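Enquirer: Here it is, the structure, as structure tokens.
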There are 4 protein chains.
Amino acid sequence: MTQERWHQLTYWPLIITSVIFIVVYSWQVIADLQGPAYAVARIIIGVTWVVFAVDYVVRFALAEPRWKWFRGHLFDLAVVAIPALRPLRLLRALTVVQALQRTAGSAIRSRVAIYGAGAAAILIWIAALAVLEAERGAPGANIENFGDAVWWAFVTITTVGYGDFYPVTTWGRIVAVLLMCGGIAVVGVVTATVSSWVIERAAATAGDDNEPATRGQMRELAQQLAAVSAKLGDPPAR
Amino acid sequence: MTQERWHQLTYWPLIITSVIFIVVYSWQVIADLQGPAYAVARIIIGVTWVVFAVDYVVRFALAEPRWKWFRGHLFDLAVVAIPALRPLRLLRALTVVQALQRTAGSAIRSRVAIYGAGAAAILIWIAALAVLEAERGAPGANIENFGDAVWWAFVTITTVGYGDFYPVTTWGRIVAVLLMCGGIAVVGVVTATVSSWVIERAAATAGDDNEPATRGQMRELAQQLAAVSAKLGDPPAR
Amino acid sequence: MTQERWHQLTYWPLIITSVIFIVVYSWQVIADLQGPAYAVARIIIGVTWVVFAVDYVVRFALAEPRWKWFRGHLFDLAVVAIPALRPLRLLRALTVVQALQRTAGSAIRSRVAIYGAGAAAILIWIAALAVLEAERGAPGANIENFGDAVWWAFVTITTVGYGDFYPVTTWGRIVAVLLMCGGIAVVGVVTATVSSWVIERAAATAGDDNEPATRGQMRELAQQLAAVSAKLGDPPAR
Amino acid sequence: MTQERWHQLTYWPLIITSVIFIVVYSWQVIADLQGPAYAVARIIIGVTWVVFAVDYVVRFALAEPRWKWFRGHLFDLAVVAIPALRPLRLLRALTVVQALQRTAGSAIRSRVAIYGAGAAAILIWIAALAVLEAERGAPGANIENFGDAVWWAFVTITTVGYGDFYPVTTWGRIVAVLLMCGGIAVVGVVTATVSSWVIERAAATAGDDNEPATRGQMRELAQQLAAVSAKLGDPPAR
């Protein structure tokens, strides 16, 4: 079985597993489940974890060469191995970003904008869940309900940072650092998209005649010239 | 009646309605109107709301195809439907931004800068009004007068975020999130404009001879070559 | 007398007046002068103000057309008219930025970087002075000495905004807003400079052969072709 | 002995000295050494300082012309001369950045990203150490352990600035200012890298035929034309 085949087979099951994970995890954290309900939620989350772990192992086994694949998928390993990062697993859905590599022309800008907004929304949601789970009940913590957690996530990802809410636990701070990095990336993507548009418009001048000459035009000209040369035959002997 | 015709007919009435709205709304919020004056202000605001709602419905009815128009005007719907977003209605005046799509050359930079500054100014003003209306009198709120609200709006849109003032109500936080997004966009626009200028100057080299060849030059050359070819006639038979 | 001539005559006197102003103003604010020393400092500052006001009036009188000049120099008017903005007068020294308009090629990047750093340094210094003068002694103020004021200016211009110090007076907040705008501009300039470099390097490919063809090459080719055409004379009659 | 030769000889010894310095300095600050252990750590750090000072002096003596070298290495002088900046010495390892100057094509983006991430990581580590050494035990200080110092460094470099921790000493604030400047640079690098990618993709259009014509194509065409001209010989005498 090739990696490509495995990807095709597991694409939809993994998306569905991701959605189940996020729904159950949101429910567990927001409702602050206790007792049997908590146990049920943890079991479902555990099963989704096993699914992702198996997927990671199989992809590693199929990879060729394995060392290169391992280096290129450290993020996947971190998500599978470290409990606090579990919610980030949903970002996997964004690996479709690689589809961007194949897009070109001005359509790239709207795609970049859409993916950027989508990634920011998922990041805010899961960061709010993860920070709430880490902070709730910790001594000295000030993020105590989901509304405040979402507000904190917005204030952090935009790098505003009022300081009315901030994490105090180690896990909460790790989540915050990842969210800040996401914030810088979002600012970068917004700026890049606007820049690209401004630069293109500023470079655009009246009419096609002032655009740089193209390679296609060049090839046509070369053929035309070759035809002229053929008409002449060999240099005339005088 | 076409959408185009409706646009022409309603352009000035809607701008005037927007201005009436912002003046009355500013007066109501800043003066913290009570009793009959409050009732009058709310009635005028209600009338401006009806005008915008009718405009939305008519444009939807005239749109072709309707579904595509609907998807492209979700922002308009949100402004009409959600009370807390009402002040954002004034941003409609900025839809002239579409005029930018037709501008080209280096003039684009000053236009982008002017629209960016204008949008930021309107955004700060209406965010200050909206946050003040949402926060004033709320338990634990610290934004209690218009001066503080404007100061808070500046501190937020620039992503400085001292934390001396911050919203505590849900509506106030929604306004804050929209303002932060505006702040990121403003930073993006400033950076993009400067970038475009620096990149253009860095690419500029001494004299026209080192600029990329143009398509116009290419076409001229091809014509010249065709003339040479015509002079030669058919390949000489030897 | 032309504007150009006035500029040449007043260039050095105005720079020197600016330096005198900043030295005396720094001394007055940092040493928190009282009594006679304060009076002397204010008189010297008053004289520098008169010099700048005279310069503004003469330039306005010489301008042609006056209305356009007026619109393009609103910043100069604000600096002369509003006391709190007086320190910003030193930024005049940076009008040499117009020299940038004439620079091209990759040298533009180091110049932009140098001017950006210089402008940021002047802005931090005068914002610290102005905010300290506005805040010192105000009820509830927390910026009470020059060290804290400089620290506050750095925290603000970089948009970090810890909130350990923040202005509470109206003048102090106006200074802060100008400083924040300066901060966004500085970020924009840094990003633009780095962007320009990365974009240029990314576009650079191995060897000159893959660079876009130049207009100079095109003109040479057209001449070559014209020579061929001349050799052929009129189309041979066969 | 030439500067080049000195560089080759000292490259590895200086890297090793840097590593020894950072390890011992981290150990001294994190473990808050006292008594004999502190003395030992300071002696080792002193020896590394002597190594760097000697390197600076030798390079200055070998430089040609010395004044230009001096101006271009003010950062090196500051690192050697000012105790609080000592940890920044490790940034020397990043002078390999000059290797970037020789890289071109799209590979530049991944290199810029890697160096940017590496520089940010070193900067955060040494800023946390330096701020902790400056702040620990100072009256009114709130950064009292290494975990909080690292968290503070992340919050500062991303310009979020919650204000839950901030330096209160002069040395601590100098470290903070350098870290903020680093933060702006990191944002600039991220944005530049994304911008470059978006701009390139947006400019890319379907197929090679629409790329700008290259100088290589131009030269080929000119040779082809010269061949045609040679075939024709001198203009026919009629």
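Backbone N, Cα and C define each Cβ position, glycine as well.
Under the heading domain 'Potassium channel', TrEMBL lists B:125-199. Look at TrEMBL and you will find B:12-31, B:37-58, B:112-130, B:150-168, B:175-199 tagged as transmembrane segment.
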Enquirer: For the transmembrane segment (B:150-168), what are the same-chain contacts with Cβ under 8 Å, counting residues 6+ beyond its ends?
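Expert: 120, 123-125, 127-128, 131, 134-135, 138, 140-143, 175-176, 179-180, 182-184, 186-187.
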Enquirer: Checking distant contacts: for the transmembrane segment (B:175-199), what same-chain residues at least six beyond its ends satisfy Cβ-Cβ under 8 A?
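Expert: Those are 84-85, 88, 109, 112-113, 116, 119-120, 123-124, 127, 130-131, 134, 153, 156-159, 166-167, in sequence order.
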Enquirer: Tell me, roughly as an integer, the mean pLDDT over the domain 'Potassium channel' (B:125-199).
Expert: 88
Enquirer: For the domain 'Potassium channel' (B:125-199), how many residues does DSSP put in helix, in strand and in coil?
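Expert: Per DSSP, the residues of the domain 'Potassium channel' (B:125-199) fall into 53 helix, 0 strand, 22 coil.
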